[in-house]
Amino acid sequence: MAATLAPAGKSYAELLVLYSDPDTCPAEALAPVPLAQEPAFVSWQQDIPRVYLEMSPEELDHRIAAARARLGSKLVILGHHYQRDEVIKYADFTGDSFKLARHAAEQEGIEYVLFCGVHFMAESADILTPEHVRVILPNMAAGCSMADMADPDDVYAAWDEIHEVLGEDARIIPVTYMNSAASLKAFVGERGGLVCTSSNADRALRWAFERGEKVFFFPDQHLGRNTGYAMGIPLDEMVLWNWRLPMGGTTPEALRKAKIILWQGHCSTHQRFTVEQIEKARREHPGVHVIVHPECRWEVVQAADSYGSTEKIAKTIREAPAGTTWAVGTEINLVNRLAKQNPDKTVFCLDPVVCPCSTMYRIHPAYVAWTLEAIVQGQVVNEVRVDPETRKWSLVALERMLELG
Ligand code: SF4
């Protein structure tokens, strides 16, 4: 029987505070419940036909299986590592955004991609798949707070300001993390840049430095800084651009000296990990291996034993000797899954009270059932479509990334 997520006797306002604050979010209580019982539903979620609200996990399972059987090989379901278990179990392919982008591009004969991830991932799938393939995001409210930190108009303005200081002929290559709007991918494609993921950021930066003298990197400052530092670029040659301040809060001298101009964006989920948590894990678990994601702060990555993309984290733990202990600095759904998949090792999250990625979490099985049953009935809802001009240039930037291998 499904447990309820909502503690009894709490008002709506209290629940919002409780579940919005990672210090109080009861992540261990994230068990499957009907959508109507999820506190998040009341304010964060896209409207959905009422009939889906009260469906039990078992009924949703049944309806999703029936819809999939009707759609057969016309449909592929992609699931990002950070999806909760009750959604990831429906995925034909799982992976990080890089791996899923490749899967989307490689599928033949499909008509529909149901992308259980967030909005920018569905956009990338639409760009990479043939024109007739329709990409669906089960819940349109599933965005990415980091991607939202790079508003395209702010990025365009920053690009102009940087060139005003460094000159129109300055050889600056723009590089955007996969976690960005399609319009920003198009922006970098049109200006000789490329997209990167946490799996290939080092290769993307090398590619960029073969073609230019400086890199303008957005939206995640931490991935840019950690990757640049690992390539031997000192911290004082990476300048932070705060889009809220005139001239990005920096100086012409700092811009001239910088090899990398970092956008002041971050992932709220990964920025929570701290050096103190690493020290505590080492005190309490002698011999522990600490592995973190490169969206964590620089000092956290430096203090860890190793770091890497979600794919690398999963592979490292899978291939580690039995009996080893792993403290992991990434999203809690993935860490919990790694713990289950590696019963011969001890795997735990560096931050025991960390919340799931709140935007990924907006994909509930009810949305999967709704969007699939709509397709069966001949109606596509929640389609993510990138306009032709944006598609053209973002495809250039994505193909440059895919060619990195
Ligand atoms: S974990 Fe962070 S970067 Fe990834 S989708 Fe969630 S908010 Fe965005």
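Any Cβ shown, glycine's included, is placed from N, Cα and C.
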Can you find which of His80, His119, His132, His163 TrEMBL lists as binding iminosuccinate at the same site as Ser97, Tyr177, Met178, Asn179, Ser198, His293, Pro294, Glu295, Thr310? His80
Under 8 Å Cβ to Cβ from Glu295 (iminosuccinate binding site), same chain, six or more residues apart: give me those in sequence order, or none if nothing qualifies. Met146, Ser198, Asp220, His222, Leu223, His266, Cys267, Thr269, His270, Gln271
So which of His80, Cys144, Tyr177, Cys357, listed as binding-site residues, have a Cβ under 6 Å from an atom of ligand 1? Cys144, Cys357
What are the sequence-distant neighbours of Cys357 ([4Fe-4S] cluster binding site), meaning same chain, six or more residues apart, C-beta distance under 8 angstroms? Tyr82, Thr269, Glu331, Asn333
Distance check, please: Cα of Cys144 ([4Fe-4S] cluster binding site) against Cα of Asn179 (iminosuccinate binding site), rounded to an integer number of angstrom. 7
